[in-house]
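> Take this structure first; my questions come after.
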2 protein chains.
Amino acid sequence: MADALKIGVAGLGTVGASLVRIIRERQEKLEISCGRAIEVTAVSARDRTRDRGVDLSGMTWFDDPLDMARNADIDVFVELIGGAGEPARGAVTAALERGLHVVTANKALLARNGVALAALAEEKGVLLNFEAAVAGGIPVIKALRESLTGNTISRIYGIMNGTCNYILTRMEKEKLSFQDCLTEAQRLGYAEADPSFDIEGNDTAHKLAILTSLAFGCQISCDDIYMEGISNITQEDIVAAAELGYRIKLLGVAQRTEGGVEQRVHPTMVPHDTVIAQVDGVTNAVALESDILGDLLMVGPGAGGDATASAVLGDIADIAKSQPGVQTVPALGRPAKTLEPYKRARMRSHEGGYFIRMRVVDRIGVIAAIARRMADNQISLESIVQHSTNGDREAPTKTIIMVTHATTEQSVRDAVNAMESDGYIVKKPQVIRIEKP
Amino acid sequence: MADALKIGVAGLGTVGASLVRIIRERQEKLEISCGRAIEVTAVSARDRTRDRGVDLSGMTWFDDPLDMARNADIDVFVELIGGAGEPARGAVTAALERGLHVVTANKALLARNGVALAALAEEKGVLLNFEAAVAGGIPVIKALRESLTGNTISRIYGIMNGTCNYILTRMEKEKLSFQDCLTEAQRLGYAEADPSFDIEGNDTAHKLAILTSLAFGCQISCDDIYMEGISNITQEDIVAAAELGYRIKLLGVAQRTEGGVEQRVHPTMVPHDTVIAQVDGVTNAVALESDILGDLLMVGPGAGGDATASAVLGDIADIAKSQPGVQTVPALGRPAKTLEPYKRARMRSHEGGYFIRMRVVDRIGVIAAIARRMADNQISLESIVQHSTNGDREAPTKTIIMVTHATTEQSVRDAVNAMESDGYIVKKPQVIRIEKP
């Protein structure tokens, strides 16, 4: 039996405390599966006095994670601090430089510094594992990095933010407004006090950027992601989507196109009878489309202390089972130096179907004018529905809902701009992209 | 760069031919991901003259896979022959004894001999990988063996036979009989000329037996699986299920209970609004319920040459990335000698909801008699529906459909037996178990 694998855990929030507790409670089980014991020998957090409900006896305490990375008697540095900057970045870098394996759940750190950290890990011959950084307990990193070796991926998309999916699910099931659902999500602890990072799509974008690199063999580029959040989604959109056979999800999508790789995060209509459309509440889902394997969809918990700790533990177990000191699996699926530069496909070249909902003045000729603008931009309509006229006698308005066949973002933008300048549109039109499996 | 990993492929059917072609076509990509080249240096099949559409030049041909296992210049023996007996078993055993890593897609072989083969692989310090043996391209073996390390699994269930799911989906969507759908599945190549192995549940049982061992840390026992196929499912069942908010799927289910581990394969009603209920056609799905991670569901191709070859290739890539000659991941998730004996939970102790459909003579007092038999056996009803009376004036009959709250298999069997002996049942009642996520 090999020596125990010694772990240092930096960050004792929900995930860190859960991880320390689980490793302590399941010593025997872990030793049987991994062929060696796993032992937390060091921890680091800001507040030494806080009761985290776990027994930290026998572990060396470090106030500073950088100090732990440099000096603790450990084989693996587990980073659960969060954030792209300090102290996470410096501590992880120091740990890798020292030749420690690193496990992290930090999507922001990887989205910003993933390639450099992967290169450093490879140079030092250690593992950099980060299953928990994307979609929590769903083993999508392992699937991309290991199971799909040799495949060419054409598209990857998913529901990767539980807060948004919870809000959209509640809006649909309970017929509540976005704001009401957000307030409830905050009350239940599913949304932060400042929810903008989740609901505007940044969180999904960070995760998508990591998956894009793994899927397409390119460098990570999270500043090149087209991003729209869900705060503009209304009951009217949800109802119209249902009538047309769709549900609205916040998707992150990365797709290989002729012009490069598209990366986009936006509210999306998905056909009601698809598997991903049935993924409700805080649950996450990631779909991978590849040329040899075909389509793979994974559904599971995207967050939560235990689910995230389980993913971290899986990463630690992989290290325990590997030969000490020998890095074998490149962090981003191929050596960092072989990653191609990210070539961004322009959003206006995006091709797909669109849902367009507009409130227009109710007068003769408006529908004809709309139809002409669509035709001018080569947009073919799958359906057009006119909803009942608004009760205002002075200035009657009506709602027009259109679903287009596949067209381009540029065409839709041009058509909408032209209609806006025509003067019959009462308020900013709602445009939602459609994604089909 | 390490030396090329030399592969011998035994069995050149659809999967084998696909694998050889893919490895040849993607040399560069594989070398970048794995850090070393992967090369097929030997092949074995019965007919040397058949055109398989792949270039076998430069590969040593063996008429006998056992000869290849013993004598070929290879590092990995890939077994795609199939069947629990010879020549697959002898060849795999010889390869392991010689100290070769083995990759196999052979569920029957593992269901029958998996523990002995795993023990041999561990003794020799080599890897025995078999992702393709269960649910084709879905990486469920890797999830159980690696990602879920440390978790305690409570239940695992899935749609693991594409033929059955194709037939059930067609029956529902096209309102066709079981026989018509089976004939069509045979025409399309989704079902064998002798389909009994698929439709009676044996294929699912083999896969389930392997998953059970990985999930519950026990020895493989595929003779202890309760098994019912789909050939008795009728349009009436499908329609009644839809009316009650269910769809019918052939599930394999393994579940930890107080009395042991339940293993069962049977047509199952799953709630319509669950993700697994939306899995249609030949697609497979596997759900894992565990205490740390929570619920994980994976959906993907369960068969097909390329999808299966992709899973085999993922297994080969894992070997390429590992240190030569050092076995690190026990084949069944823990060393074979630590697997506990399989403790079978008795099927009659199974607890769950039941759907019961009966045709009974249409006379006063029958409903009361049925209700009394259910009450006698402590079965509480969620719903009871009486369908319109049959047109036959001489001997009118009617259909009764009941859905029970959670009860036991024994209670249901006793109640049905009692009702049959009461004499008002016209033909054998249909009993379908209900499974909820």
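Placed from the backbone N, Cα and C atoms, the Cβ positions cover glycine too.
Not my notes, these are from TrEMBL:
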type	residues	note
BINDING	B:A10, B:G11, B:L12, B:G13, B:T14, B:V15, B:G16, B:A17	NADP(+) binding site
BINDING	B:K107	NADPH binding site
BINDING	B:E192	L-homoserine binding site
ACT_SITE	B:K207	active site, proton donor
DOMAIN	B:355-434	domain 'ACT'
> Fewest neighbouring Cβ atoms within 10 Å: which of the binding-site residues B:G11, B:G13, B:G16?
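Per-residue Cβ counts within 10 Å for the binding-site residues B:G11, B:G13, B:G16 bottom out at B:G13.
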> Which ones in the same chain are close to B:V15 (NADP(+) binding site), with CB under 8 Å and 6+ residues apart in sequence?
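The answer is B:L80, B:A105, B:A132, B:G305, B:T308, B:A309, B:V312.
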> Validating a neighbour-count step here. Other CB atoms within 10 A of the CB of B:L12 (NADP(+) binding site): how many?
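Neighbour count, Cβ to Cβ under the 10 Å cut-off: 24.
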> If you count the other Cβ atoms within 10 Å of each Cβ, which of the binding-site residues B:A10, B:A17 comes out on top?
B:A10
> If you average per-residue pLDDT over the domain 'ACT' (B:355-434), what number do you get?
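Averaged over the domain 'ACT' (B:355-434), the predicted model reaches a pLDDT of 92.
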> Given the recorded positions B:K107, B:E192, B:K207, find the one whose Cα is closest in space to the Cα of B:A10 (NADP(+) binding site).
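That would be B:K107, nearest by Cα distance.
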> To the nearest whole angstrom, state the Cα distance for the pair B:G13 (NADP(+) binding site) and B:E192 (L-homoserine binding site).
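Cα-Cα, rounded: 15 Å.
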> Determine, to the nearest whole angstrom, how far the Cα atom of B:G11 (NADP(+) binding site) is from the Cα atom of B:K107 (NADPH binding site).
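For B:G11 (NADP(+) binding site) versus B:K107 (NADPH binding site), the Cα atoms are 15 Å apart.
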> Measuring Cα to Cα, how far is B:K207 (active site, proton donor) from B:K107 (NADPH binding site) in Å?
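About 6 Å separates the two Cα atoms.
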> Just to verify a number: CA distance, the residue listed as 'L-homoserine binding site' to B:K107 (NADPH binding site), in angstrom, no decimals.
17
> When DSSP states are grouped into helix, strand and coil, how many residues of the domain 'ACT' (B:355-434) land in each?
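Helix, strand and coil residues of the domain 'ACT' (B:355-434) number 25 helix, 29 strand, 26 coil.
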> Restricting to the chain of B:T14 (NADP(+) binding site) and a gap of 6 or more, list residues whose Cβ falls under 8 Å of its Cβ, or answer none.
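Same-chain residues close to B:T14 (NADP(+) binding site) (Cβ under 8 Å, separated by 6 or more) are B:G304, B:G305, B:T308.
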> Starting from the Cβ centroid of B:A10, B:G11, B:L12, B:G13, B:T14, B:V15, B:G16, B:A17, which together make up the recorded NADP(+) site, report each further residue of the same chain whose Cβ lies within 8 Å of that point, ordered by sequence.
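So the additional residues around the site are B:V9, B:S18, B:L19, B:V20, B:A45, B:R52, B:L80.
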> Need the DSSP three-state call for B:K107 (NADPH binding site) to compare against my parser.
helix
> Looking only at Cβ atoms, how many others are within 10 Å of the one on B:E192 (L-homoserine binding site)?
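There are 14 such Cβ atoms around B:E192 (L-homoserine binding site).
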